[in-house]
């Protein structure tokens, strides 16, 4: 392909045979008073066959600095070859050749030709023209470290003391007559190589001197990123960001993500020139934004839910779907469940989901679909339906606490967009800021700031997962292939993101709002009867929402919810009814209740002075989780109720006691081996049992009607001598901890 481009001596001969053009004067030759950097004499010419997001990004940067841009090729078929993988690009020269006929005789006209899909302008026309005139060239090409496409030509390049040695055709600037004189010689195929064409002209010493051709060796104007990523850093001003080349201490005007540096350009484009600034924040978050009108029905959405592994708190996730702030008659639900374990949870919620959404489809584990196949099926159902305007993919480990999430993402008006979600208190999130060479996770310089929302905006990232919205039209026109997730051996989300990136579609991430969080699923053990109980470490926020009483925080804040039925005996809400029920069910499922005898092999000494029928938390593997509950919730309440006392919340004895009239109905008077004791009622008096309660003998005071989920907190040894009152009917359960023994 490249061999059809003629030798440089033949090109020189052809150029010498051309009719003479009006002389082109350099800045130093111009009469005094002439303006060598008049922006009105500058035209930026670029090439684009389609209005991709990269092209729009280029135009946004041009508009920010008030450049005049002329685009060649819009709407036309690209015949220039697969330039991302091999040689080609000659079609650009053919288009430019035709366009330059208009400017052939305009001596003061300066043309800058650049690519568009992978280019960002970083400074003003005035700075650009000033630097060009200072170069003393009539035609200045960008430079890079690689002699592409023919390494055999490297020795013919002039030696360079400092800077990049080789020509890159992705950007050049020059006087119009000079550029016209060069491109006029193009008589080759569209898929011949444009860079080889320009290279062979430049390598002829006579031609180089005659036409004053040169390279931007130190990236004063053009910064090609390929081979130079270590040289480039962001330079933050208050209202503007640009890049700095630290190798040459220059501030390039044009940033070109040539070769395999498209993702790095996307990262830089999040900031340059005004994507995000320290003072102004996000500069284009509201660009092209749409507002869903209140009086009209919003777009139709396919909500695709994926339960691909055992997932904590799934019933709460399913109920949260009903709370989306979006008309349910405009949402169709697709739900793929890959876990037999979760079938009862989905069966319980399915009638509500059926009644709520306009249409529903359930694909269960019996279909034996892989995660990728299920995702392909769901996405294609939107793709094939012209009425499907948006596709909302949501994994079961994504906790959307903001009911307006769907509406917010649609109004952002991007082809693909995800809400930023992360695990509570951790840096694990649903996006990657960069990719490693093998396309796995790499941490971008701004990753922590984005996850912690120290920088808030709209970000172009290489990978998203677990929750995202895609335009239906984008699926139908730009992602028409059915197998997007299952097209390779990689993770389905990685395959999807690669497919989107390869199409030139940006993966946007918004952290402008608090959308929710991610669940950790790696330690979810479904061998337990109620595995959610064990999630206090991995998913503490969701655990609290499910298991800590809704009024606990108010009680801790002193809002009058703590009662004192007896001296120094405090009564406050601690656990939800669900936790009480699940604790009891776990104990009964385990079933190995002690016999209420003094001999007890579970204790170090083998003897219990005041025996009860009980099961220790250690026996069911819940000791660590219960101690964490004591540290997190009981400790702060204790220090609030007993000022001046600091608890270490150590507890060796943590157990559930069962009282029955025919088993052990009561407990004789005793002191507890603790500094203070926690006693939580786990079921309802009058419903589950009759009788019961606790009497403090020294004060002749009793708590005879314990409330389910409420905790009694009282001193243990010395002062609060107490007994368990008889249970006369049913079964009474309490949870007891002897704290700080």
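Any Cβ shown, glycine's included, is placed from N, Cα and C.
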To which of 217, 256, 336 does Swiss-Prot also attribute binding of Mn(2+) at the site defined by 115, 118?
256
Candidate sharing the 2-oxoglutarate site with 602, 679, 732 (per Swiss-Prot), from 622, 633, 659, 699:
659
So Swiss-Prot lists 670, 672 for Fe cation; which of 616, 640, 722 goes with them?
722
Let me know the DSSP-derived helix, strand or coil state of residue 732 (2-oxoglutarate binding site), please.
strand
Cα proximity to residue 116 (UDP binding site), best match among binding-site residues 602, 659, 670, 679, 732:
679
When a 10 Å sphere is centred on the Cβ of residue 49 (UDP binding site), how many other Cβ atoms does it contain?
18
Could you give the number of helix, strand and coil residues in the domain 'Fe2OG dioxygenase' (650-741) as assigned by DSSP?
3 helix, 52 strand, 37 coil
Where the distance is taken from Cα to Cα, which of the recorded positions 49, 66, 732 turns out closest to residue 722 (Fe cation binding site)?
732
Among residues 602, 659, 679, 732 annotated as binding 2-oxoglutarate, what is the maximum Cα-Cα distance? Answer in Å.
23
